Amino acid sequence: MSRTIDWDGDAVVIVDQCALPESYRTLRLTTIDELVDAIKRLAVRGAPALGAAGALGVAMSARLHRGPGGTTGATDATNAVAADAERLASARPTAVNLRWGVERALAALPRGADAVTAEAVAMLTEDELVNKQASRNAADLVLRHCSRRPLRLLTHCNTGRLAAVDWGTALGVVRHLHAAGHVEYVLADETRPLLQGSRLTAWELAELGVPYRLLPDSAAPAAMATGLVDCVLVGADRVAANGDVANKIGTYALAVAAARHHIPFFVVAPESTVDRELPDGSHIVLEQRPAEEITHVAGTRVAPQGAQVFNPAFDITPAELVTAVVTEHGVLHVRS
Ligand SMILES: CSC[C@H]1O[C@H](OP(=O)(O)O)[C@H](O)[C@@H]1O
């Protein structure tokens, strides 16, 4: 299966990202409950992949609730699909793509279940093309900003094909640059607590044959201070109208360190991640994750009973720390 998330005609099929890197397996999701659960436990994750999951979920609901001839016009069917759509859209609050994908599929509901399915499936191909272009635009910008060859790149979390339908965003930039022979190595933040970097990005880079080194998130500023980094590449879950960026927790610290060491800091995302209704990042809802993600490691308790935690899944990087936000349309925002 080349796609991270797909439609098999009746169900949503995903690569189970909770099983990687030990096991590459797919899950076939046939109900909204199964899909919502997969989103919440990050079996499917990453802003673009969540957009596809939201759209395919609405298609699955429309088919489950359709009337004779595939119609979905009956009030009870429409209400049932709308209720499923809201469950999907609210499963994770920060990535704007999830609600964007749900609403885009829902808009086709008056034309029937097959129209909803066609819209959702079309989004899968569109996602790969859009992210290939966004990452191409960003790769060109990196080559113009960074004179050293080959490049030493630092990434955070997972922004490759596992975070999208295929290809990826920030890690998609690495793919373009590596294919052109411009990558010496990638420093990949492990990205605690869910380790998307060490579990998923390392797996993707190994699959691509890209030289990489894993590092603790807290070591990234030291890597910059000792001259090991030419450029930082990250994804996004929501970009506000002024260029403020919501992304995986730890991104803000990377941006501060990159600014301190005059290292270019690029955010790569599809236009579907830009929320122009939000004037700035202060309005972005940041998902808070369960305490167990901090108090336990690999299922073993490492903190005292009753330990209190602060476990936001995302943080906000102010626009003034971002060299550029790059989408498929080009440079959305450049640091003033
Ligand atoms: C290509 S967008 C990936 C984006 O999503 C990740 O969050 P999560 O793993 O919780 O879905 C992270 O913020 C990445 O930058």
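Keep in mind that glycine also has a Cβ here, set from the backbone N, Cα and C atoms.
Among the candidates ARG92, ARG149, ARG152, the residue that TrEMBL names alongside ARG45, GLY46, ALA47, GLN196, ASN247, LYS248 for the substrate site is ARG92. Highlighted in sequence order, LEU42, LEU50, ALA95, CYS157, ASN158, ALA163, GLY235, ASP237, ALA313, PHE314 have their Cβ within 8 Å of the centre of the Cβ atoms of ARG45, GLY46, ALA47, ARG92, GLN196, ASN247, LYS248, the residues recorded for substrate, and are not part of that set. Taking the Cα atom of each, ALA47 (substrate binding site) and ASP237 (active site, proton donor) are about 5 angstrom apart. According to DSSP, ASP237 (active site, proton donor) sits in a coil region rather than a helix or strand. Cβ contacts within 10 Å of GLY46 (substrate binding site), excluding its own Cβ and spanning all protein chains shown: 31.
On its own chain, ASN247 (substrate binding site) has HIS156, CYS157, VAL234, GLY235, ALA236, ASP237, VAL267, PHE314, ASP315, THR317 as residues at least 6 apart in sequence with a Cβ closer than 8 Å to its own Cβ. Max Cα-Cα distance over the annotated substrate binders (ARG45, GLY46, ALA47, ARG92, GLN196, ASN247, LYS248) is 17 Å.
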